[in-house]
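Following: one structure in structure tokens, then a few remarks.
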Amino acid sequence: MFCFMVEMERIVKANDREYNEKFQYADNRIHTSKYNILTFLPINLFEQFQRVANAYFLCLLILQLIPEISSLTWFTTIVPLVLVITMTAVKDATDDYFRHKSDNQVNNRQSEVLIDSKLQNEKWMNVKVGDIIKLENNQFVAADLLLLSSSEPHGLCYVETAELDGETNLKVRHALSVTSELGADTNRLARFDGIVVCEVPNNKLDKFMGILSWKDSKHSLNNEKIILRGCILRNTSWCFGMVIFAGPDTKLMQNSGKTKFKRTSIDRLMNTLVLWIFGFLICLGIILAIGNSIWESQIGDQFRTFLFWNEGEKSSVFSGFLTFWSYIIILNTVVPISLYVSVEVIRLGHSYFINWDRKMYYSRKATPAEARTTTLNEELGQIEYIFSDKTGTLTQNIMTFKRCSINGRIYGEVPDDLDQKTEITQKKEPVDFSVKSQVDREFQFFDHNLMESIKMGDPKVHEFLRVLALCHTVMSEENSAGELIYQVQSPDEGALVTAARNFGFIFKSRTPETITIEELGTLVTYQLLAFLDFNNTRKRMSVIVRNPEGQIKLYSKGADTILFEKLHPSNEVLLSLTSDHLSEFAGEGLRTLAIAYRDLDDKYFKEWHKMLEDANAATEERDERIAGLYEEIERDLMLLGATAVEDKLQEGVIETVASLSLANIKIWVLTGDKQETAINIGYACNMLTDDMNDVFVIAGNNAVEVREELRKAKENLSGQNRNVSNGHVVCEKKQQLELDSIVEETVTGDYALIINGHSLAHALESDVKNDLLELACMCKTVVCCRVTPLQKAQVVELVKKYRNAVTLAIGDGANDVSMIKSAHIGVGISGQEGLQAVLASDYSFAQFRYLQRLLLVHGRWSYFRMCKFLCYFFYKNFAFTLVHFWFGFFCGFSAQIALDTSYWTFINHVFIWGSIAIYFSILFTMHSNGIFGIFPNQFPFVGNARHSLTQKCIWLVILLTTVASVLPVVVFRFLKVNLYPTLSDQIRRWQKAQKKARPPSSRRPQTRRSSSRRSGYAFAHQEGYGELITSGKNMRTKNPPPTSGLEKTHYNSTSWIENLCKKTTETVSSFSQDKTVKL
């Protein structure tokens, strides 16, 4: 009785399975398959008989079992019907078998569960709600857990959430102080009997509310205390957690979506055609039945004496009724069941073409393309919208330090003798870092000038690298081999600290009060006086330190648009140079940060720090007062330069995006990453460009604000198009009037829409989603940031439902599974985030660039061949069927077949197999080795071609034939385009006129949008680890490092190779600037 009740809240008691079982919570077993042994037959048959042809032939089979109306045996129908159903069932069973195999692989993973005060290995599927689980470093989380304790100080642990939101930077989770004291003591953990009352299972990844009741006290729980299934424990030796949600109730599975039965548009078209053809068949049957009745009443009486019929035994009307059903059986070939068999065979062949395509084979990982389903190939040729993940799909998710600007000079280019920038390739000699200890061996830098400046002691270069080594939230530790391992909050920070490490400024360790770095071999400890953390408003971070000489320094890094406003007026010349460099870096798609510093007076800092302490202790307007103090001290900065970090795109992404755009396919990016990071990638892929008319950013916090922002964006877009169309007059007034209705819906410029997940949640509401869809479809590029997996699926469903467009979703992580399942075509990339996306996909390969070949080659071929095949097939069947219809007029409408079944079946086999055999026999004979020896005089090859082509009449015939063939077509098309132009011709002519009348646009190289493409690090979704670091919660207890910092070691280096080349990153030429017209 209670199992049907709706769960209002979840109550879980630790270490008490008997108590939790009365609530009948789901276990930890997952199911992504469609069938099981009992349900396979009924469900699969139901799906198959949704095909109209299958249902039609089932009815036909029933009719053939009636001897009075059937002139054909039931065997001719049941054999092909059973064959078709069996083949399809086997294919569906095979696909579902692999889903079961994947489920079993996950369900049988081992996890350590605390049972009877002992840790025992249990399969994931046997884990129950309320169990306490032990996790170890780099291990997947089995269920949604409440973190109880960990190996880190204060119950902290680090998790990677790539499979949930696509981000690979680490997240911090921390246990309650009352439970972190349990540590790893299994006896104390076994006695833990806390009760958790929390929200019901839902799909919100960033929210959790609950209360833990233990020892007569209650403790509030939030998302920071929860570790979700799909996360990976990182940089934490062990942790213990209590299972809150298991199996299908976990947030990962709540976002995964359901496996849907996908059918192509050709399948739906064939169903419609079959219905029309069935109607046509009924018309033929009625005509022949009427003819039979007339023939029986007027002529048939003369034959009854020979047939030994009794008078009146058979009326003409009843004879016509029986004849109708007889002809339905005889003319059934107009609706051929072999059509579906042939279609499946063709699809299977196309699937093998995809699997065998060597141009889609990724040799580095030995990964071929794979068609995981054989029923959707022709749909690839009709894609209109592509929904793509960002991290791991468009990018490699690898950050590398590429270039920098220090004191007005760019480092990262290799100059040649002519002082021209040259491309850096693998053939150039990289800087040799092997002489240094504790360097990152994978780091490469090709400009030797930076190392020369460091060796020469350039103070600006040293200060620049010192900022990179001090101003960050990175945590360091040493592994068993003595190598430095960095724990980073953002991949950008990791790239910058690693670069400073390789150039001689090595971040060694930190405490809540100090930061220790090694500067060119000398260990130096700085006193950390203040940490000014970053957030979405500040878009920068700063540290205030005291060096061993007693000087107080403020080091800052952040977005250039913010930091440049804080500079001292004396930086004007350097600011201009650095701005040019930043524009150059951004033009190459690099993620940039500005670097600055300030010398502080001791007295001024003490006064400021006293005010900061007062602000921290305030109860009212605390955040505003702290922000004001941050603004006060972060002024009059001295600019040092800027950094440029590359979030590497996958190979061929830019060309693929450009080709798909030229094919009029719209690409939407749906990512869980930060907004500015997604914008950077959009610029790097040329999906976003500085030439765009406008970029609309939707960031409303409620439905009213979102609706208003969408309305303003639509008005702005419509207004700009109206100004363009009003500002240019087309010569042909009549043509302009005819196209007015089209121009209203045509966007003449390039626009982009950027919306975050919070605003998208409101925009997807019933009264706003139409405005969102209308605006999005008018834009060339759409980027959705910070979206949950379920929101990705909702966006896909929105376009599917209201645009009636064929959609494709592509991703590489578990957070893309729901989107992949929702789209007409799902493509999985076998990347670094596991194989969840591949297992849920219809097609898979290793690189995004292969999507171009999949759609534009295989998709086009499949669709074109299938259409040609259907045209021929229906023509063949109509020709065969109408012969029997015409034969009815000569046989007294007696429902006799024109050709005996065995006869025309034999003839078909002879012609088909005989023609193939004769063709290959002649082919092999003509190219065999023995035939030349037997008939040497029959092969006079020499001279024929030369003698034939020397005759003038031959060339005259070729010329006349070519002219006679081509000229009528050219004249016909010329007259048709000019006298009866199509809608496309009219729009193309109008666009050319608009382009000629439009004044040339002057580009200003120094102008940048307010929303610059700068580092996503400076636009973080959440505040950093600053408060965590200064509080000391994440610090291990250990002996303090030496603080003298005076001992220097001999700095050993090799002789530097002279600079022979100069580097330039070759900017990918922008593709056609023609504006596409979307009706």
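Keep in mind that glycine also has a Cβ here, set from the backbone N, Cα and C atoms.
Here's what TrEMBL has on this protein:
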type	residues	note
ACT_SITE	Asp389	active site, 4-aspartylphosphate intermediate
BINDING	Asp389, Thr391, Asp812, Asp816	Mg(2+) binding site
BINDING	Asp389, Lys390, Thr391, Glu493, Phe534, Lys557, Arg591, Thr671, Gly672, Asp673, Arg786, Lys792, Asn815, Asp816	ATP binding site
DOMAIN	12-78	domain 'P-type ATPase N-terminal'
DOMAIN	838-897	domain 'P-type ATPase C-terminal'
REGION	991-1018	region 'Disordered'
REGION	1030-1050	region 'Disordered'
TRANSMEM	72-90	transmembrane segment
TRANSMEM	273-295	transmembrane segment
TRANSMEM	315-341	transmembrane segment
TRANSMEM	878-899	transmembrane segment
TRANSMEM	911-932	transmembrane segment
TRANSMEM	953-975	transmembrane segment
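For the domain 'P-type ATPase C-terminal' (838-897), the number of residues in each DSSP class (helix H, G, I; strand E, B; coil) is 41 helix, 3 strand, 16 coil. Under DSSP, the residues of the domain 'P-type ATPase N-terminal' (12-78) split into helix, strand and coil as follows: 31 helix, 2 strand, 34 coil. The distance from the Cα of Arg786 (ATP binding site) to the Cα of Asp389 (active site, 4-aspartylphosphate intermediate) comes to 11 Å. Distant neighbours of the transmembrane segment (315-341): 51, 53-54, 56-57, 60, 63-64, 66, 68-72, 77, 80-81, 83-84, 87, 270, 274, 277-278, 280-282, 284-286, 288-290, 292-294, 296-297, 300, 870, 873, 877-878, 880-881, 884-885, 888, 893-895, 897; these residues of the same chain sit at least 6 beyond its ends, with a Cβ under 8 Å from one of its Cβ atoms.
For the domain 'P-type ATPase C-terminal' (838-897), the predicted model reports an average pLDDT of 86.
Within the set of recorded positions Asp389, Thr391, Asp812, Asp816, the entry lying nearest in space to Arg591 (ATP binding site) is Thr391 (CA atoms). Straight-line distance linking the Cα atoms of Gly672 (ATP binding site) and Asp812 (Mg(2+) binding site), rounded to a whole number, equals 13 Å. The two recorded residues, Thr391 (Mg(2+) binding site) and Asn815 (ATP binding site), have Cα atoms 11 Å apart.
Most Cβ neighbours within 10 Å, among the binding-site residues Thr391, Asn815: Asn815 holds that distinction in the structure as shown.
The residue listed as 'active site, 4-aspartylphosphate intermediate' has Asn815, Asp816 nearby among the binding-site residues Phe534, Asn815, Asp816, counting only those with a Cα within 10 angstroms of its own Cα. Put plainly, the recorded positions Asp389, Asp812, Asp816 were compared by Cβ crowding within 10 Å, and the winner is Asp816. In this structure, the binding-site residues under consideration are Phe534, Arg591, Gly672, and the one with the smallest number of other Cβ atoms within 10 Å of its Cβ is Phe534. With respect to their backbone Cα atoms, Phe534 (ATP binding site) and Asp816 (Mg(2+) binding site) stand 30 Å from each other.
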